[in-house]
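Visitor: First, the structure itself, so that you have it in front of you.
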Amino acid sequence: MQLTDEQEKIINHEGNLKVNAVAGSGKTTTILQYAQKRPHSPILYLAFNKSVKLEAEHKLSQMGLNNVRVETAHSLAYKYTAPYRHYSLRFDYKPHEIAAILNIRPKAGDLSHLKLASHVYRFVRYFCNSKAQKVVEINYLETLTNLESLSFATENHELIVHYTRLFLAKMHKGEIDIIHDFYLKQFQLSRPILPYDYILFDEGQDASGAMLAAFVNQSAHKIIIGDQHQQIYGWRFATNALQQVDFQTMDLSKSFRFNQEIARLSKSILQLKTEIGQSSQVNIQGLGNHQPIRSRVTLARSNSKLVSRAIELLIQQKELKSIYFEGQLSSYTFSEEGGSIYDVLNLYNHQRHLIKDDLLKTMPSFDHLKDYLEETSDTSLKALVDLVEKYHKDIPYFISRIKECTVEEANKDKADMVFSTVHKAKGMEYDQVFIMDDFISEQQIMDLKTALKAQEISPDALAEEINLLYVAATRTKAKLHIPIQLLPTSYQIHDFNTVSNNLNLSIKSKVKPVKAQRSNQLWTKMEEAELKQLFIQGKTVKEIALLLGRSQSAVIRRVEKLDLWF
(Lines of atoms letter the chains of each structure in order from A and count residues from 1; the text may use other names and numbers.)
(Lines give C-alpha, C1' and ligand atoms only; values in the text may rest on other atoms or scores of the structure.)
Protein backbone atom coordinates (compact mmCIF):
# COMPACT_ATOMS: atom_id res chain seq x y z
CA MET A 1 0.00 0.00 0.00
CA GLN A 2 1.34 3.41 -1.03
CA LEU A 3 1.05 5.83 1.87
CA THR A 4 1.40 9.61 1.73
CA ASP A 5 4.19 11.45 3.54
CA GLU A 6 1.60 12.70 6.03
CA GLN A 7 0.42 9.16 6.78
CA GLU A 8 3.99 7.90 7.18
CA LYS A 9 4.79 10.63 9.73
CA ILE A 10 1.71 9.76 11.80
CA ILE A 11 2.32 6.01 11.68
CA ASN A 12 5.93 6.42 12.84
CA HIS A 13 5.13 8.88 15.64
CA GLU A 14 5.50 7.90 19.30
CA GLY A 15 3.75 9.80 22.07
CA ASN A 16 0.47 11.66 22.29
CA LEU A 17 -0.78 13.02 18.99
CA LYS A 18 -3.69 14.99 17.55
CA VAL A 19 -4.49 14.44 13.87
CA ASN A 20 -6.63 16.84 11.84
CA ALA A 21 -7.98 14.71 9.00
CA VAL A 22 -10.02 16.30 6.21
CA ALA A 23 -12.94 14.47 4.60
CA GLY A 24 -11.86 11.48 2.53
CA SER A 25 -8.22 11.59 3.65
CA GLY A 26 -7.92 7.93 4.61
CA LYS A 27 -7.91 8.26 8.38
CA THR A 28 -9.24 4.73 8.94
CA THR A 29 -6.42 3.35 6.78
CA THR A 30 -3.95 5.44 8.78
CA ILE A 31 -5.30 4.12 12.09
CA LEU A 32 -5.07 0.51 10.92
CA GLN A 33 -1.54 0.99 9.57
CA TYR A 34 -0.54 2.61 12.87
CA ALA A 35 -1.75 -0.51 14.67
CA GLN A 36 -0.07 -2.85 12.20
CA LYS A 37 3.31 -1.24 12.91
CA ARG A 38 2.90 -2.20 16.60
CA PRO A 39 1.81 -5.88 16.41
CA HIS A 40 3.02 -6.80 19.92
CA SER A 41 1.47 -3.90 21.83
CA PRO A 42 -2.05 -4.01 23.29
CA ILE A 43 -4.05 -1.33 21.45
CA LEU A 44 -7.55 0.05 22.01
CA TYR A 45 -9.35 1.54 19.00
CA LEU A 46 -12.34 3.68 20.01
CA ALA A 47 -14.80 3.77 17.09
CA PHE A 48 -17.62 6.29 16.69
CA ASN A 49 -20.48 3.81 16.38
CA LYS A 50 -21.27 0.11 16.06
CA SER A 51 -21.13 -0.02 12.25
CA VAL A 52 -17.64 1.54 12.24
CA LYS A 53 -16.64 -0.89 15.01
CA LEU A 54 -17.76 -3.92 12.99
CA GLU A 55 -16.04 -2.67 9.84
CA ALA A 56 -12.79 -2.07 11.73
CA GLU A 57 -12.93 -5.52 13.34
CA HIS A 58 -13.40 -7.09 9.91
CA LYS A 59 -10.41 -5.24 8.45
CA LEU A 60 -8.22 -6.05 11.46
CA SER A 61 -9.13 -9.72 11.09
CA GLN A 62 -8.12 -9.61 7.42
CA MET A 63 -4.82 -8.02 8.44
CA GLY A 64 -4.23 -10.75 11.01
CA LEU A 65 -4.01 -8.31 13.91
CA ASN A 66 -5.24 -9.78 17.20
CA ASN A 67 -3.62 -7.21 19.48
CA VAL A 68 -6.23 -4.53 18.77
CA ARG A 69 -9.49 -4.26 20.70
CA VAL A 70 -12.22 -2.23 19.00
CA GLU A 71 -14.90 -0.63 21.16
CA THR A 72 -17.41 2.18 21.03
CA ALA A 73 -17.50 4.54 24.00
CA HIS A 74 -20.62 2.83 25.34
CA SER A 75 -19.48 -0.76 24.78
CA LEU A 76 -16.22 0.00 26.58
CA ALA A 77 -17.97 1.76 29.45
CA TYR A 78 -20.44 -1.08 29.92
CA LYS A 79 -17.66 -3.64 30.32
CA TYR A 80 -15.97 -1.55 33.02
CA THR A 81 -19.04 -0.73 35.10
CA ALA A 82 -19.77 -4.17 36.52
CA PRO A 83 -22.34 -3.14 39.19
CA TYR A 84 -24.60 -1.63 36.57
CA ARG A 85 -24.68 -4.78 34.42
CA HIS A 86 -27.25 -6.17 36.84
CA TYR A 87 -29.51 -3.15 36.36
CA SER A 88 -32.25 -3.15 33.77
CA LEU A 89 -31.40 -1.13 30.67
CA ARG A 90 -33.62 0.87 28.39
CA PHE A 91 -32.85 3.02 25.38
CA ASP A 92 -34.94 6.06 26.27
CA TYR A 93 -37.66 7.62 28.41
CA LYS A 94 -40.64 9.62 27.21
CA PRO A 95 -41.78 12.83 28.91
CA HIS A 96 -45.01 11.36 30.26
CA GLU A 97 -43.05 8.45 31.79
CA ILE A 98 -40.63 10.82 33.50
CA ALA A 99 -43.51 12.92 34.81
CA ALA A 100 -45.08 9.79 36.30
CA ILE A 101 -41.80 8.53 37.83
CA LEU A 102 -41.06 11.90 39.44
CA ASN A 103 -44.69 12.60 40.31
CA ILE A 104 -44.69 15.87 38.38
CA ARG A 105 -48.33 16.85 38.29
CA PRO A 106 -49.97 18.90 35.54
CA LYS A 107 -51.44 22.27 36.24
CA ALA A 108 -55.05 22.72 35.26
CA GLY A 109 -55.44 22.68 31.49
CA ASP A 110 -51.78 22.93 30.46
CA LEU A 111 -48.83 20.72 29.54
CA SER A 112 -46.32 22.19 31.97
CA HIS A 113 -45.62 18.77 33.53
CA LEU A 114 -44.59 17.34 30.15
CA LYS A 115 -42.50 20.38 29.26
CA LEU A 116 -40.77 20.15 32.62
CA ALA A 117 -40.18 16.41 32.21
CA SER A 118 -38.74 16.96 28.73
CA HIS A 119 -36.22 19.47 30.09
CA VAL A 120 -35.35 17.19 33.01
CA TYR A 121 -34.50 14.33 30.68
CA ARG A 122 -32.49 16.59 28.42
CA PHE A 123 -30.52 17.82 31.45
CA VAL A 124 -29.96 14.22 32.58
CA ARG A 125 -28.44 13.35 29.20
CA TYR A 126 -26.42 16.58 29.14
CA PHE A 127 -24.91 15.82 32.56
CA CYS A 128 -24.18 12.19 31.67
CA ASN A 129 -22.31 13.26 28.53
CA SER A 130 -20.42 16.11 30.21
CA LYS A 131 -17.09 15.97 32.07
CA ALA A 132 -18.73 17.45 35.19
CA GLN A 133 -18.57 15.59 38.50
CA LYS A 134 -21.80 17.11 39.83
CA VAL A 135 -25.00 18.50 38.34
CA VAL A 136 -24.38 21.95 39.83
CA GLU A 137 -21.13 22.31 37.88
CA ILE A 138 -22.86 22.80 34.52
CA ASN A 139 -25.25 25.37 33.14
CA TYR A 140 -28.15 23.65 31.41
CA LEU A 141 -29.59 26.90 30.07
CA GLU A 142 -26.60 27.49 27.78
CA THR A 143 -27.57 24.41 25.75
CA LEU A 144 -30.93 25.85 24.67
CA THR A 145 -31.25 27.62 21.31
CA ASN A 146 -35.00 28.13 21.08
CA LEU A 147 -36.26 31.33 22.74
CA GLU A 148 -39.50 29.86 24.12
CA SER A 149 -37.66 26.79 25.39
CA LEU A 150 -35.04 28.97 27.08
CA SER A 151 -37.72 31.16 28.64
CA PHE A 152 -39.57 28.16 30.09
CA ALA A 153 -36.37 26.55 31.41
CA THR A 154 -35.19 29.82 32.97
CA GLU A 155 -38.49 30.27 34.77
CA ASN A 156 -38.42 26.68 36.05
CA HIS A 157 -34.67 26.23 36.47
CA GLU A 158 -34.68 25.27 40.16
CA LEU A 159 -37.33 22.62 39.56
CA ILE A 160 -35.45 21.23 36.57
CA VAL A 161 -32.24 20.90 38.62
CA HIS A 162 -34.14 19.29 41.52
CA TYR A 163 -35.88 16.71 39.35
CA THR A 164 -32.70 16.00 37.39
CA ARG A 165 -30.89 15.06 40.60
CA LEU A 166 -33.84 12.95 41.70
CA PHE A 167 -33.99 11.07 38.38
CA LEU A 168 -30.23 10.38 38.46
CA ALA A 169 -30.52 9.15 42.06
CA LYS A 170 -33.32 6.75 41.11
CA MET A 171 -31.17 5.25 38.35
CA HIS A 172 -28.18 4.99 40.70
CA LYS A 173 -30.25 3.11 43.30
CA GLY A 174 -31.73 0.79 40.68
CA GLU A 175 -35.25 2.02 41.37
CA ILE A 176 -35.76 2.60 37.64
CA ASP A 177 -34.11 1.30 34.48
CA ILE A 178 -30.86 3.01 33.58
CA ILE A 179 -30.11 4.56 30.18
CA HIS A 180 -26.90 3.92 28.27
CA ASP A 181 -25.52 7.40 28.90
CA PHE A 182 -25.82 6.75 32.65
CA TYR A 183 -23.27 3.92 32.77
CA LEU A 184 -21.02 5.97 30.46
CA LYS A 185 -21.06 8.66 33.15
CA GLN A 186 -20.30 6.14 35.88
CA PHE A 187 -17.38 4.88 33.79
CA GLN A 188 -15.94 8.40 33.61
CA LEU A 189 -16.47 9.10 37.31
CA SER A 190 -14.73 5.84 38.31
CA ARG A 191 -11.52 7.10 36.61
CA PRO A 192 -10.42 3.68 35.28
CA ILE A 193 -6.89 3.10 33.97
CA LEU A 194 -7.18 0.87 30.91
CA PRO A 195 -4.60 -1.91 30.22
CA TYR A 196 -3.40 -0.69 26.82
CA ASP A 197 -0.14 0.77 25.53
CA TYR A 198 -1.90 2.77 22.82
CA ILE A 199 -5.40 4.22 22.58
CA LEU A 200 -6.65 5.41 19.19
CA PHE A 201 -9.67 7.72 19.44
CA ASP A 202 -11.51 8.11 16.12
CA GLU A 203 -13.94 10.94 15.24
CA GLY A 204 -12.60 13.03 18.11
CA GLN A 205 -14.59 16.08 17.06
CA ASP A 206 -17.79 14.33 18.15
CA ALA A 207 -16.58 12.97 21.49
CA SER A 208 -18.67 13.50 24.58
CA GLY A 209 -17.11 15.43 27.44
CA ALA A 210 -17.38 12.33 29.62
CA MET A 211 -15.48 10.14 27.17
CA LEU A 212 -12.85 12.79 26.56
CA ALA A 213 -12.25 13.09 30.32
CA ALA A 214 -11.79 9.31 30.59
CA PHE A 215 -9.47 9.32 27.54
CA VAL A 216 -7.06 12.05 28.69
CA ASN A 217 -6.80 10.38 32.12
CA GLN A 218 -5.07 7.34 30.59
CA SER A 219 -1.33 6.64 30.90
CA ALA A 220 -1.14 5.05 27.43
CA HIS A 221 0.07 6.76 24.27
CA LYS A 222 -3.01 8.64 23.09
CA ILE A 223 -3.84 9.35 19.44
CA ILE A 224 -6.97 11.38 18.70
CA ILE A 225 -8.02 11.82 15.09
CA GLY A 226 -10.87 13.64 13.39
CA ASP A 227 -11.93 16.76 11.51
CA GLN A 228 -12.75 19.75 13.72
CA HIS A 229 -14.91 21.13 10.91
CA GLN A 230 -17.11 18.02 10.89
CA GLN A 231 -18.47 18.55 14.39
CA ILE A 232 -22.24 18.38 13.82
CA TYR A 233 -23.46 16.69 17.00
CA GLY A 234 -23.54 19.63 19.40
CA TRP A 235 -27.24 18.90 19.93
CA ARG A 236 -26.14 15.55 21.37
CA PHE A 237 -23.79 17.43 23.70
CA ALA A 238 -20.66 16.46 21.76
CA THR A 239 -17.57 18.49 22.54
CA ASN A 240 -14.88 19.19 19.96
CA ALA A 241 -12.08 17.26 21.63
CA LEU A 242 -9.62 18.21 18.90
CA GLN A 243 -9.74 21.78 20.15
CA GLN A 244 -9.39 20.78 23.81
CA VAL A 245 -6.35 18.49 23.91
CA ASP A 246 -2.86 19.96 23.96
CA PHE A 247 -1.11 17.25 21.94
CA GLN A 248 1.41 17.56 19.13
CA THR A 249 -0.56 18.13 15.93
CA MET A 250 -0.24 16.55 12.48
CA ASP A 251 -2.49 16.75 9.43
CA LEU A 252 -4.07 14.50 6.84
CA SER A 253 -4.81 17.15 4.22
CA LYS A 254 -5.04 15.09 1.03
CA SER A 255 -8.53 13.88 0.12
CA PHE A 256 -8.76 10.86 -2.16
CA ARG A 257 -12.54 11.28 -2.42
CA PHE A 258 -12.93 14.41 -4.54
CA ASN A 259 -10.87 16.65 -6.82
CA GLN A 260 -9.34 20.07 -6.29
CA GLU A 261 -12.43 22.02 -7.40
CA ILE A 262 -14.55 20.46 -4.66
CA ALA A 263 -11.67 21.03 -2.23
CA ARG A 264 -11.58 24.71 -3.19
CA LEU A 265 -15.32 25.08 -2.63
CA SER A 266 -15.04 23.29 0.73
CA LYS A 267 -12.36 25.72 1.89
CA SER A 268 -14.54 28.65 0.83
CA ILE A 269 -17.43 27.27 2.88
CA LEU A 270 -15.23 27.00 5.95
CA GLN A 271 -13.95 30.56 5.44
CA LEU A 272 -17.45 31.70 6.41
CA LYS A 273 -16.39 31.02 10.01
CA THR A 274 -14.19 34.11 9.94
CA GLU A 275 -17.42 36.16 9.78
CA ILE A 276 -18.36 34.89 13.24
CA GLY A 277 -14.91 35.20 14.77
CA GLN A 278 -13.93 31.54 14.52
CA SER A 279 -10.95 29.88 12.89
CA SER A 280 -11.40 28.39 9.44
CA GLN A 281 -7.79 27.30 9.05
CA VAL A 282 -7.63 24.15 6.96
CA ASN A 283 -5.54 22.80 4.12
CA ILE A 284 -7.42 20.55 1.70
CA GLN A 285 -5.93 19.02 -1.42
CA GLY A 286 -8.34 17.18 -3.69
CA LEU A 287 -6.67 14.16 -5.31
CA GLY A 288 -9.80 12.26 -6.36
CA ASN A 289 -10.47 11.32 -9.98
CA HIS A 290 -13.76 11.73 -11.83
CA GLN A 291 -15.74 8.49 -11.85
CA PRO A 292 -18.84 7.17 -13.61
CA ILE A 293 -22.04 8.16 -11.80
CA ARG A 294 -23.41 5.09 -10.02
CA SER A 295 -24.72 6.43 -6.71
CA ARG A 296 -26.81 9.57 -6.21
CA VAL A 297 -27.94 11.17 -2.98
CA THR A 298 -30.13 14.09 -2.01
CA LEU A 299 -28.94 15.70 1.22
CA ALA A 300 -30.98 18.01 3.43
CA ARG A 301 -30.48 19.56 6.82
CA SER A 302 -33.94 18.60 8.10
CA ASN A 303 -36.17 15.53 7.92
CA SER A 304 -39.17 17.51 6.69
CA LYS A 305 -37.25 19.06 3.79
CA LEU A 306 -35.92 15.66 2.79
CA VAL A 307 -39.27 13.85 2.82
CA SER A 308 -40.84 16.76 0.93
CA ARG A 309 -38.20 16.43 -1.78
CA ALA A 310 -38.79 12.69 -2.01
CA ILE A 311 -42.50 13.35 -2.49
CA GLU A 312 -41.76 15.89 -5.22
CA LEU A 313 -39.39 13.69 -7.22
CA LEU A 314 -41.11 10.36 -6.70
CA ILE A 315 -44.81 11.21 -6.81
CA GLN A 316 -45.46 14.71 -8.08
CA GLN A 317 -42.79 14.90 -10.80
CA LYS A 318 -42.45 11.12 -11.29
CA GLU A 319 -38.70 11.40 -11.92
CA LEU A 320 -37.78 8.38 -9.78
CA LYS A 321 -38.91 4.77 -9.56
CA SER A 322 -36.87 3.43 -6.66
CA ILE A 323 -35.40 5.18 -3.62
CA TYR A 324 -33.62 4.47 -0.34
CA PHE A 325 -33.49 6.40 2.93
CA GLU A 326 -30.25 6.26 4.94
CA GLY A 327 -31.07 5.05 8.43
CA GLN A 328 -34.34 3.49 7.23
CA LEU A 329 -37.54 5.33 6.29
CA SER A 330 -39.07 4.85 9.74
CA SER A 331 -36.47 7.17 11.28
CA TYR A 332 -37.96 9.99 9.19
CA THR A 333 -41.62 9.24 9.91
CA PHE A 334 -41.35 8.54 13.66
CA SER A 335 -40.15 10.98 16.31
CA GLU A 336 -37.45 10.03 18.79
CA GLU A 337 -40.19 10.02 21.42
CA GLY A 338 -41.99 7.28 19.47
CA GLY A 339 -44.91 9.13 17.90
CA SER A 340 -45.59 8.45 14.23
CA ILE A 341 -46.57 10.84 11.49
CA TYR A 342 -50.00 9.17 11.50
CA ASP A 343 -50.47 10.03 15.18
CA VAL A 344 -49.65 13.66 14.41
CA LEU A 345 -52.07 13.60 11.48
CA ASN A 346 -54.83 12.15 13.67
CA LEU A 347 -54.28 14.92 16.19
CA TYR A 348 -54.40 17.48 13.37
CA ASN A 349 -57.70 15.97 12.15
CA HIS A 350 -59.22 15.96 15.68
CA GLN A 351 -59.26 12.14 15.71
CA ARG A 352 -57.58 11.70 19.08
CA HIS A 353 -59.19 8.28 19.59
CA LEU A 354 -56.96 6.91 16.80
CA ILE A 355 -53.69 8.08 18.37
CA LYS A 356 -51.43 5.26 19.61
CA ASP A 357 -48.50 7.17 21.09
CA ASP A 358 -48.87 7.90 24.81
CA LEU A 359 -47.27 11.34 24.65
CA LEU A 360 -49.48 12.52 21.80
CA LYS A 361 -52.53 11.10 23.55
CA THR A 362 -51.97 13.68 26.28
CA MET A 363 -52.21 16.57 23.81
CA PRO A 364 -55.69 18.18 23.90
CA SER A 365 -55.21 19.62 20.41
CA PHE A 366 -52.77 20.21 17.58
CA ASP A 367 -52.16 23.74 18.84
CA HIS A 368 -51.23 22.35 22.25
CA LEU A 369 -48.68 20.11 20.54
CA LYS A 370 -47.15 23.10 18.76
CA ASP A 371 -47.04 24.99 22.05
CA TYR A 372 -45.29 22.01 23.67
CA LEU A 373 -42.70 21.97 20.86
CA GLU A 374 -42.09 25.70 21.21
CA GLU A 375 -40.95 25.21 24.80
CA THR A 376 -39.03 21.94 24.42
CA SER A 377 -36.39 20.76 21.95
CA ASP A 378 -37.98 17.80 20.18
CA THR A 379 -36.82 18.48 16.61
CA SER A 380 -37.82 15.06 15.29
CA LEU A 381 -41.44 15.56 16.37
CA LYS A 382 -41.34 19.10 14.98
CA ALA A 383 -40.41 17.67 11.56
CA LEU A 384 -43.54 15.50 11.59
CA VAL A 385 -45.66 18.53 12.47
CA ASP A 386 -44.15 20.43 9.53
CA LEU A 387 -44.99 17.61 7.12
CA VAL A 388 -48.56 17.25 8.36
CA GLU A 389 -49.16 20.99 8.04
CA LYS A 390 -47.80 20.94 4.50
CA TYR A 391 -49.58 17.86 3.10
CA HIS A 392 -52.61 17.31 5.37
CA LYS A 393 -54.84 14.50 4.11
CA ASP A 394 -52.37 13.43 1.40
CA ILE A 395 -49.88 12.16 3.98
CA PRO A 396 -51.12 8.51 4.08
CA TYR A 397 -51.01 8.19 0.28
CA PHE A 398 -47.60 9.83 -0.01
CA ILE A 399 -46.04 7.69 2.73
CA SER A 400 -47.60 4.56 1.24
CA ARG A 401 -46.11 5.33 -2.20
CA ILE A 402 -42.72 6.07 -0.67
CA LYS A 403 -42.77 2.71 1.14
CA GLU A 404 -43.71 0.89 -2.08
CA CYS A 405 -40.75 2.42 -3.91
CA THR A 406 -38.18 2.07 -1.12
CA VAL A 407 -35.64 -0.72 -1.69
CA GLU A 408 -34.02 -2.84 1.02
CA GLU A 409 -30.62 -1.85 2.36
CA ALA A 410 -28.99 -4.72 0.46
CA ASN A 411 -30.20 -3.13 -2.80
CA LYS A 412 -29.33 0.43 -1.83
CA ASP A 413 -26.85 0.73 -4.71
CA LYS A 414 -29.66 -0.02 -7.18
CA ALA A 415 -31.90 2.85 -6.03
CA ASP A 416 -32.43 5.75 -8.43
CA MET A 417 -31.81 8.11 -5.53
CA VAL A 418 -30.71 7.87 -1.91
CA PHE A 419 -32.21 10.39 0.52
CA SER A 420 -30.47 11.37 3.72
CA THR A 421 -30.01 14.11 6.25
CA VAL A 422 -26.40 15.21 6.64
CA HIS A 423 -26.21 13.62 10.09
CA LYS A 424 -27.13 10.20 8.72
CA ALA A 425 -24.75 10.61 5.76
CA LYS A 426 -21.76 11.31 8.02
CA GLY A 427 -18.90 9.08 6.91
CA MET A 428 -20.67 8.16 3.66
CA GLU A 429 -19.65 9.03 0.10
CA TYR A 430 -21.59 9.12 -3.17
CA ASP A 431 -20.75 9.76 -6.82
CA GLN A 432 -23.32 12.53 -7.23
CA VAL A 433 -24.68 14.76 -4.46
CA PHE A 434 -27.72 17.06 -4.61
CA ILE A 435 -27.80 19.59 -1.77
CA MET A 436 -31.13 21.07 -0.70
CA ASP A 437 -31.52 24.76 0.12
CA ASP A 438 -32.22 24.48 3.86
CA PHE A 439 -28.58 24.96 4.87
CA ILE A 440 -27.26 28.25 6.15
CA SER A 441 -26.08 30.77 3.56
CA GLU A 442 -23.52 33.55 3.74
CA GLN A 443 -26.32 36.11 3.53
CA GLN A 444 -28.07 34.57 6.53
CA ILE A 445 -24.81 34.66 8.48
CA MET A 446 -24.38 38.35 7.67
CA ASP A 447 -27.99 39.02 8.70
CA LEU A 448 -27.37 37.31 12.04
CA LYS A 449 -24.29 39.31 13.01
CA THR A 450 -26.31 41.74 15.12
CA ALA A 451 -27.89 38.85 17.03
CA LEU A 452 -24.42 37.38 17.46
CA LYS A 453 -23.08 40.60 18.98
CA ALA A 454 -26.09 40.78 21.29
CA GLN A 455 -25.32 37.18 22.37
CA GLU A 456 -28.76 36.07 21.23
CA ILE A 457 -27.07 33.34 19.20
CA SER A 458 -24.00 31.29 20.08
CA PRO A 459 -21.08 31.45 17.61
CA ASP A 460 -20.63 27.71 18.19
CA ALA A 461 -24.19 27.10 16.98
CA LEU A 462 -23.53 29.10 13.82
CA ALA A 463 -20.20 27.33 13.29
CA GLU A 464 -22.00 24.00 13.46
CA GLU A 465 -24.44 25.19 10.78
CA ILE A 466 -21.44 25.97 8.54
CA ASN A 467 -20.02 22.54 9.35
CA LEU A 468 -23.26 20.94 8.14
CA LEU A 469 -22.85 22.54 4.71
CA TYR A 470 -19.18 21.51 4.61
CA VAL A 471 -20.03 17.90 5.47
CA ALA A 472 -22.75 17.88 2.80
CA ALA A 473 -20.42 19.21 0.10
CA THR A 474 -17.67 16.74 0.94
CA ARG A 475 -19.84 13.64 0.55
CA THR A 476 -19.35 13.77 -3.24
CA LYS A 477 -16.80 11.81 -5.23
CA ALA A 478 -17.58 13.24 -8.67
CA LYS A 479 -20.38 15.78 -9.07
CA LEU A 480 -22.05 18.25 -6.73
CA HIS A 481 -25.36 20.07 -7.27
CA ILE A 482 -25.60 23.07 -4.96
CA PRO A 483 -28.07 25.98 -4.85
CA ILE A 484 -26.25 29.08 -5.98
CA GLN A 485 -27.35 31.03 -2.90
CA LEU A 486 -25.27 28.64 -0.79
CA LEU A 487 -22.05 29.47 -2.65
CA PRO A 488 -19.77 31.71 -0.56
CA THR A 489 -18.68 34.94 -2.25
CA SER A 490 -15.05 33.93 -1.65
CA TYR A 491 -15.54 31.04 -4.07
CA GLN A 492 -14.44 32.56 -7.37
CA ILE A 493 -15.21 30.78 -10.63
CA HIS A 494 -11.96 31.08 -12.60
CA ASP A 495 -12.66 28.47 -15.26
CA PHE A 496 -16.34 27.79 -15.89
CA ASN A 497 -15.60 24.62 -17.89
CA THR A 498 -13.69 23.16 -14.95
CA VAL A 499 -16.43 24.12 -12.53
CA SER A 500 -19.27 22.85 -14.71
CA ASN A 501 -17.67 19.40 -14.87
CA ASN A 502 -17.85 19.14 -11.09
CA LEU A 503 -20.52 21.53 -9.85
CA ASN A 504 -24.04 22.02 -11.05
CA LEU A 505 -25.16 25.37 -9.70
CA SER A 506 -28.88 25.22 -9.01
CA ILE A 507 -29.70 28.84 -9.80
CA LYS A 508 -32.54 29.99 -7.57
CA SER A 509 -33.44 33.52 -6.62
CA LYS A 510 -32.42 34.44 -3.08
CA VAL A 511 -35.78 36.15 -2.71
CA LYS A 512 -38.56 34.08 -4.14
CA PRO A 513 -42.23 34.21 -3.27
CA VAL A 514 -43.14 30.93 -1.67
CA LYS A 515 -46.78 30.20 -1.06
CA ALA A 516 -46.63 30.02 2.73
CA GLN A 517 -43.91 27.40 2.44
CA ARG A 518 -43.11 27.64 6.14
CA SER A 519 -46.09 29.60 7.31
CA ASN A 520 -47.11 27.11 9.99
CA GLN A 521 -43.70 25.77 10.92
CA LEU A 522 -42.20 26.57 14.29
CA TRP A 523 -39.79 29.49 14.39
CA THR A 524 -36.19 28.72 15.29
CA LYS A 525 -34.02 31.04 17.34
CA MET A 526 -31.92 31.73 14.25
CA GLU A 527 -34.98 32.65 12.16
CA GLU A 528 -36.23 34.97 14.88
CA ALA A 529 -32.86 36.72 15.03
CA GLU A 530 -32.94 37.11 11.24
CA LEU A 531 -36.48 38.50 11.48
CA LYS A 532 -35.33 41.05 14.07
CA GLN A 533 -32.45 42.15 11.86
CA LEU A 534 -34.68 42.56 8.79
CA PHE A 535 -37.21 44.49 10.86
CA ILE A 536 -34.50 46.82 12.18
CA GLN A 537 -33.30 47.36 8.59
CA GLY A 538 -36.73 48.74 7.77
CA LYS A 539 -37.89 45.91 5.53
CA THR A 540 -41.63 45.76 4.94
CA VAL A 541 -43.71 42.84 6.17
CA LYS A 542 -44.10 41.71 2.57
CA GLU A 543 -40.34 41.79 1.98
CA ILE A 544 -39.64 39.91 5.20
CA ALA A 545 -42.22 37.27 4.29
CA LEU A 546 -40.57 36.76 0.90
CA LEU A 547 -37.08 36.54 2.38
CA LEU A 548 -38.04 34.06 5.08
CA GLY A 549 -40.51 31.99 3.08
CA ARG A 550 -43.31 32.83 5.52
CA SER A 551 -46.78 34.23 5.04
CA GLN A 552 -47.29 37.90 5.88
CA SER A 553 -49.71 37.00 8.67
CA ALA A 554 -47.11 34.64 10.20
CA VAL A 555 -44.53 37.45 10.14
CA ILE A 556 -46.96 39.88 11.79
CA ARG A 557 -47.81 37.37 14.54
CA ARG A 558 -44.14 36.73 15.26
CA VAL A 559 -43.30 40.46 15.27
CA GLU A 560 -46.08 40.97 17.80
CA LYS A 561 -44.87 38.06 19.93
CA LEU A 562 -41.33 39.44 19.94
CA ASP A 563 -42.69 42.89 20.79
CA LEU A 564 -40.84 44.59 17.93
CA TRP A 565 -43.46 47.24 17.14
CA PHE A 566 -42.44 50.69 18.32
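Note that Cβ sites are derived from N, Cα and C of the backbone, with glycine treated the same way.
Remember, predicted model here, so these are calculated numbers, not experimental data.
According to TrEMBL, the feature domain 'UvrD-like helicase ATP-binding' maps to 1-272. The ATP binding site annotation in TrEMBL covers Ala21, Val22, Ala23, Gly24, Ser25, Gly26, Lys27, Thr28.
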Visitor: If you count other C-beta atoms within 10 angstroms, which of the binding-site residues Ser25, Thr28 is the most crowded?
Guide: Ser25
Visitor: Per 10 Å Cβ neighbour count, which of the binding-site residues Ala21, Val22, Ala23 ranks highest?
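Guide: Checking each of Ala21, Val22, Ala23, the winner is Ala21.
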Visitor: Determine, from DSSP, whether Ser25 (ATP binding site) sits in helix, strand or coil.
Guide: coil
Visitor: Which are the residues of the chain, Ala21, Val22, Ala23, Gly24, Ser25, Gly26, Lys27, Thr28 excluded, whose CB is within 8 A of where the CB atoms of the ATP site average out, their centroid?
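Guide: Here the non-site neighbours turn out to be Thr30, Asp227, Leu252, Ser255, Phe256, Arg257.
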Visitor: Limited to the domain 'UvrD-like helicase ATP-binding' (1-272), I'd like the whole-number average of pLDDT.
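Guide: Looking only at the domain 'UvrD-like helicase ATP-binding' (1-272), pLDDT averages out to 93.
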Visitor: Which residues does Gly24 (ATP binding site) neighbour through Cβ under 8 Å, counting only same-chain ones at least six apart?
Guide: Ser255, Phe256, Arg257, Phe258, Gly288, Glu429, Thr474
Visitor: Starting from the Cβ of Lys27 (ATP binding site), draw a 10 Å sphere and report how many other Cβ atoms land inside it.
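Guide: So the Cβ neighbour count for Lys27 (ATP binding site) comes to 21.
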Visitor: Given a separation of at least six residues and a C-beta threshold under 8 Å, show me what packs close to Gly26 (ATP binding site) in the same chain.
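Guide: Counting only residues 6 or more apart in sequence, the Cβ neighbours of Gly26 (ATP binding site) under 8 Å are Thr4, Gln7, Leu252, Phe256.
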